[in-house]
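Marked as Cu cation A binding site by TrEMBL: HIS173, HIS194, HIS203. The Cu cation B binding site annotation in TrEMBL covers HIS325, HIS329, HIS359. Feature annotation from TrEMBL assigns disulfide bond to CYS95-CYS110, CYS109-CYS174. Taken from TrEMBL, the feature domain 'Tyrosinase copper-binding' applies to 194-211, 352-363.
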Amino acid sequence: MEMSITSAPRCTTTLGTRMPSNLQALVPKGHAHALLRDRKEARQPRRLACKATGGRVDRRDVLLGLGSAAAAGLGTRRGRGAIAAPIQAPDLGNCNPPELPNTAPDTNCCPTSGTGITDFVLPPAASSAPLRVRPAAHLVDAGHLAKYERAVALMKQLPADDPRSFEQQWRVHCAYCDGAYDQAGFPDLEIQVHNCWLFFPWHRFYLYFHERILGKLIGDDTFTLPFWNWDAPGGMTVPAMYANTSSPLYNQRRDPAHQPPFPVDLDYNEVDVVVPTDEQIDQNLRIMYRQMVSSAKKTQLFMGQPYRAGDQPDPGAGSMENVPHGTVHTWTGDPAQPNGEDMGNFYSAARDPIFFAHHANIDRLWHVWRGLRPGNADFADADWLDAAFLFYDEEARLVRVRVRDCLDLAAMGYAYQDVGLPWLEAKPAKRSGATPAPAAGALPATLGETVRVTVTRPQVSRSSKEKEEAEEVLIIEGIEVADHFNKFIKFDVLVNEPESGGDGASGYCAGSVALTPHMVRTNEKKGSVKTVARFGVCDLMDNIGADGDKTVVVSLVPRCGGELVTVGGVSVGYAK
């Protein structure tokens, strides 16, 4: 993977310092496990408030080609003795009960441990067998719905200790997402499949085996899960099949105000701003365009940051994981529950059958993204391809899977119903050069209120070819959430926000940081989450007339839980 460095490491708000030209491009070769780069010639920022690290930097500190400014923002916080290697499948027999909130019910998130592990083998190719097609939930016919309801009912009737039971199935998500498992070889570090490059493949496998178990229970090898098509107008409500109170697909722990036909808000801030439905749909489509197209031109910007054996969790989410993944989770959960259960908290999210429809759409959109632009491709890094997990299959066998085994939907035997991509027509209109609100505040800062800082852009007025080769990236560094037990966190990042203001759907918004509550047990502060956010902004700079500006004003606008969030700094880098 080609990388470049364009800004120096920093721990204060010094902005815009460049690295020397000889470090503008690093091209790691092969699968080096401990490749180091000398950075003695790197120009240091004028103010540096962090300890020196001995003058050497691991190649992973060059994250995404965003430079060591990103690394200083906690992009690759390493465990003791860590070297480059893929995350390995955990020991299911060594499951640590997550430290759930005191207000949560007594919950055991540890699935059945089992014995004997079989390596996953893709189903045999059969030229005459058609692909199983996952349908849009709002378009499902009565026959498919009847099969789905019967399958879930049978799953819920299985003994609680059967690894195929619904009781065990939701625990799988809780365990992998709430600090229950140690990293192999690093007993003081948890496995976390969110906020990193494992997000898409782990959930793809999770849905695959859940679906195969359901099909086995009803004796139908062609059965498929539906997907919640919230990225298109026809699917922008809770699908009717999940709102039937007599159905096994129903869950009472959902927001009662968000039942159909109330439209989903992909920019949800825990407050229902009632606008005409057509206006809400337009806002949702604009957000989808930003998250799938303009902010997702490079692999790590869309899929998330590298996360290897020995890394601290939460190195950084991709565009879709923040929004709309996180916002839809919170929008669906019940605000009357102490921790937003079920969908509004990772430990409980998979207790709601709608979870699987939500993530089927996320999985579908990963597949869609790969076909949008010639450069949209999965990682080629062996540390990603060989990352491994354990799941139970439809025969209740414990199966070890690797990321490389889930990259071809046809080989896995399924496809998605073609429902169109209306958000491709939702490109934001050009904005006039409105006077931005003045900078106010300094970083580091707690986001109890909006913070605006002036940020220097190392390069301006680049050619179309230069922009295609290297995406300009806004880096929000040193994000720390002090208590992430039961509070949804969201703040918007706007560039040259006009004095009249803007929101997460405005043409000035680079994106949002949206963190669904989950347990953390590895950081010094109980429950704290430390991460970095990155937003592709080439299109944004063009649209707001700032492409030639040497400085821009970046506004960090808290929407939910800002009083718990500290941000260390903001800078600009470039992703190749």
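Heads up, residue numbers simply count up from 1 along the chain you see.
Backbone N, Cα and C atoms are what each Cβ position is placed from, and that goes for glycine too.
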Contacting positions for the domain 'Tyrosinase copper-binding' (194-211) when only residues 6+ beyond its ends and CB under 8 Å are counted: 87, 169, 172-173, 176-177, 223-225, 300, 303-307, 313-318, 321, 346, 356, 359-360, 362-363, 366, 379, 384, 387, 389, 391-394, 399, 401, 403, 406-407, 412, 414, 515-516, 518, 529, 531
8 Å Cβ shell about HIS325, HIS329, HIS359 centroid, Cu cation B site members excluded: GLU321, GLY326, VAL328, ALA349, PHE355, HIS358, ILE362, THR516
Listed in sequence order, residues not in HIS173, HIS194, HIS203 with Cβ within 8 Å of the centre of the Cu cation A site Cβ atoms: TYR176, CYS177, VAL193, PHE199, TRP202, TYR206, PHE346, ALA349, HIS359
Spatial neighbours of CYS174 (disulfide bond), counting only the recorded positions CYS95, HIS194, HIS203, HIS325, HIS329 and Cα distances within 10 Å: none
The domain 'Tyrosinase copper-binding' (352-363): DSSP-derived helix, strand, coil residue counts: 10 helix, 0 strand, 2 coil
Alpha-carbon distance [HIS359 (Cu cation B binding site); CYS109 (disulfide bond)] in Å: 20
Cα-nearest neighbour of HIS203 (Cu cation A binding site) within the listed recorded positions, CYS110, HIS325, HIS329: HIS325
Spatially closest candidate among HIS173, HIS194, HIS325, HIS329, HIS359, the listed binding-site residues, to CYS95 (disulfide bond) (Cα to Cα): HIS173
Neighbouring C-beta atoms (10 Å sphere around the C-beta of HIS329 (Cu cation B binding site)): 25
Nearest of the recorded positions (CYS110, HIS325, HIS329) to HIS194 (Cu cation A binding site), judged by Cα-Cα distance: HIS325
